[in-house]
Protein chains: 2
Amino acid sequence: MFYVIGLGLCDEKDITVRGLEAVKSCSRVYLEAYTSILMVQKERLEEFYGKELILADRDMVETESDEILRNADTENIALLVVGDPFGATTHSDIILRARSAKIPVRVIHNASIMNAIGACGLQLYNFGQTVSLVFFTETWKPDSFYDRVKENADLGMHTLVLLDIKVKEQSEENLARGRKIYEPPRYMSIPTAVSQLIEIEEMRKQDILIPEKTLAIAMSRVGGGDEERIVCGTLAELAAHPAEAFGEPLHSLVIVGRRVHHLEIEYGESYAINRESWRNVAQSVYGCSLDS
Amino acid sequence: MFYVIGLGLCDEKDITVRGLEAVKSCSRVYLEAYTSILMVQKERLEEFYGKELILADRDMVETESDEILRNADTENIALLVVGDPFGATTHSDIILRARSAKIPVRVIHNASIMNAIGACGLQLYNFGQTVSLVFFTETWKPDSFYDRVKENADLGMHTLVLLDIKVKEQSEENLARGRKIYEPPRYMSIPTAVSQLIEIEEMRKQDILIPEKTLAIAMSRVGGGDEERIVCGTLAELAAHPAEAFGEPLHSLVIVGRRVHHLEIEYGESYAINRESWRNVAQSVYGCSLDS
């Protein structure tokens, strides 16, 4: 059996009981370590699972799937995935390969940012398509996300913005010289994300990400208990807020859509940088009816 | 501490390790039993968790939240929820009440249909807003979902359609006489859902749910391992397919949007009622480029 097992969002204890039983039955266990990260190190997972983990980076999952699937017709093999196997990054490719090799596959689901983002208090029903925001460079500022946000905004839907993670990045020099030396991982923070959004708005000028008029909710360490942070405000307020107030990575951002319900605004109020402006913008810009 | 714990999708083993530890620490454990169902009975959960469960129906969560939260400032109390606490139905109301009573709250996330639906092979990124379809009666056929599906379809996005569950329903006679006698639970099946969609299309005639031209994916028991079913086809094919082929409830349906990617179509192909028509419609109606 080839197991693809979601680890959930935070640490070794977010695996399901079913997932843990499957891991313990496996002869090889791979840990997919590129599309997202847990908040704990591999060693802690190994100790808790009682298994050695083989790190599987992007190269390996894409080019060495035969090795990962080796003997999975007669032994149990697992690929562990942060979040859910069909979360922001799907693992349909390796599942298709397993299937075409007649290897039985079992997916064990878990929470991912795609559903746990509901912790921000906005109804998942009312989210439109999800967008990703990558780190801008001096010369590369991809802005196709803006069209998607506009489509959602035009319909009044909320938008989940997933923020870039750079893992196993090589410097230009190391890349040019073919040296497999990697930079430390980088995680996009809320202040960077908000400034990039505003930068693109200034170029595109479609009035969908207006600093003083667009409400957003910043989330960090969703599901992380005491480490979880929720910060609500206008884009301008989020941009001016101290970076450390957003907590440790990973960060995610939600752009609030015009169809927001007053209960959603009320839920966010206690997390607002400025309650008064949170309510004022909700009423005057979003047309939300709030009790006074 | 007041814990709100997602149980995941299928049975007693889908709880996370963290969730199970929390349950075991609690002096009272409520099982929310109205917005969704697990595939196992309460007794099996009780045995596995080693705790007696108090059933909390809609009435109770809405009107007796004070009783549920009683002593949660000094003891651990849990509310168990099928799926994720912020899934299709959020539990923000009771969380707000707890917070305003200064009771510490901890949410423990899990998979819900809102993210596990990715198992159908369509990218979660490309889903628009989610809709619910309720059982029609002779005189009540609410069709506002159609406008939402149209909004998604116009942008080429996929739509998750959640199908009605009737739990603790009273017959008109029992309701009129004030007798708290409930009908057996009913779960909307794929054939019923598809026929209701086609019925509304015939009334609204916006050409978004065309029996021979709209592709859809039927899912049942998502995450249920051998019990999970995925069936792909046009709405007409799904309507004509034997009801038992869709497996046991719960069922969900996804309407495929025009921006579908060829890898998404290829993933679904092995689940298609008719592979040839699945590919033909993807190419000729959706404009998808597939290898021949």
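Cβ atoms here come from the backbone N, Cα and C positions, even for glycine.
What TrEMBL says about a protein is an automatic prediction, not a curated fact.
Database features (TrEMBL):
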type    : residues                                                   : note
DOMAIN  : A:1-238                                                    : domain 'Tetrapyrrole methylase'
BINDING : A:L9, A:D84, A:G87, A:S112, A:I113, A:L163, A:V222, A:H251 : S-adenosyl-L-methionine binding site
Per DSSP, three-state class assigned to A:D84 (S-adenosyl-L-methionine binding site): coil
Integer mean pLDDT for the domain 'Tetrapyrrole methylase' (A:1-238): 92
Neighbouring C-beta atoms (10 Å sphere around the C-beta of A:G87 (S-adenosyl-L-methionine binding site)): 29
Binding-site residues in contact range of chain B, given that the Cβ distance is under 8 Å, out of A:L9, A:S112, A:L163: A:L9, A:S112
Other C-beta atoms that fall within 10 angstroms of the C-beta of A:H251 (S-adenosyl-L-methionine binding site): 24
Residues satisfying Cβ distance under 8 Å from A:V222 (S-adenosyl-L-methionine binding site), sequence separation of at least 6: A:L9, A:I113, A:A116, A:I117, A:A119, A:E228, A:S252
S-adenosyl-L-methionine site span - longest C-alpha distance across A:L9, A:D84, A:G87, A:S112, A:I113, A:L163, A:V222, A:H251, in Å: 17
